């Protein structure tokens with residue numbers, strides 16, 4: 001699936017938003033990808049997950065389980081696990097820390113792929129990885145529907161940015177790169193005009 005097609009999917013779902021946004025990473029941006037609007041359509045969710053699964057299979061990665069950080073990554077992760085024919089689990093934030101709950105367990109050495117809907121710096125994905133690794137599993141890679149251009153994905157010429165948090169030694173799969181402006185709160189030009197950011201993401205609402 002080409003970049004143009006994926007971008008069109010987001011536009012048709014009214015999921016490519018322009019404005020002033022506070023991202024879950026704490027940074028500000030003039031664009032936001034609201035994947036929930038895309039994934040509310042089961043057929044679209046299935047097709048995106050199948051395309052992502054094809055890339056992962058072509059790479060030859062062995063996966064036992066897909067794990068996603070709640071809430072934003074759950075739909076994407078579940079559909080990807082279904083496309084790959086593997087188990088799905090999720091972590092959720094408890095008192096500020098990503099935690100595996102609800103009876104989910106991982107085995108020692110279990111090969112886990114961490115999946116988000118969108119990865120910017122990858123902070124939440126890494127927190128989920130740390131939790132399953134603490135319990136004995138082995139994280140073998142990361143995946144997302146789209147990469148906001150800070151982490152280097154398999155098959156992309158974009159270079160890894162200094163604030164990327166995904167470990168560079170593990171493969172990162174995404175269907176496309178969406179490169180939008182990203183600002184620290186202190187340097188945000190939108191804030192300097194008096195605009196206040198809104199927070200449409202998964203931390204806080």
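Glycine residues also receive a Cβ, built from the backbone N, Cα and C atoms like all the rest.
Here's what Swiss-Prot has on this protein:
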- 116, 117, 118, 119, 120, 121, 122, 123, 124: 5-phospho-alpha-D-ribose 1-diphosphate binding site (BINDING)
- 120, 148: orotate binding site (BINDING)
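Everything Swiss-Prot records as a feature, shown here on the structure.
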{"residue": "116", "record": "5-phospho-alpha-D-ribose 1-diphosphate binding site", "DSSP class": "strand"}
{"residue": "122", "record": "5-phospho-alpha-D-ribose 1-diphosphate binding site", "DSSP class": "coil"}
{"residue": "148", "record": "orotate binding site", "DSSP class": "coil"}
Identify, in sequence order, the residues in the chain of residue 120 (5-phospho-alpha-D-ribose 1-diphosphate binding site) that are 6 or more apart from it along the sequence and have a CB within less than 8 Å of its CB; answer 'none' if there are none. 23, 24, 25, 27, 148, 150, 182
Cβ neighbour count within 10 Å of residue 148 (orotate binding site): 24
Ranked by how many other Cβ atoms lie within 10 Å of their Cβ, the binding-site residues 116, 118 are led by 116
Around the 5-phospho-alpha-D-ribose 1-diphosphate site formed by 116, 117, 118, 119, 120, 121, 122, 123, 124, list the extra residues of the same chain whose Cβ is within 8 Å of the site's Cβ centroid. 24, 25, 125, 144, 148
Do any residues at least six apart in sequence from residue 124 (5-phospho-alpha-D-ribose 1-diphosphate binding site), in the same chain, have a Cβ closer than 8 Å to its Cβ, and if so which, in order? 24, 69, 72, 73, 98, 116
For residue 122 (5-phospho-alpha-D-ribose 1-diphosphate binding site), just count the other CB atoms lying within 10 A of its CB, please. 24
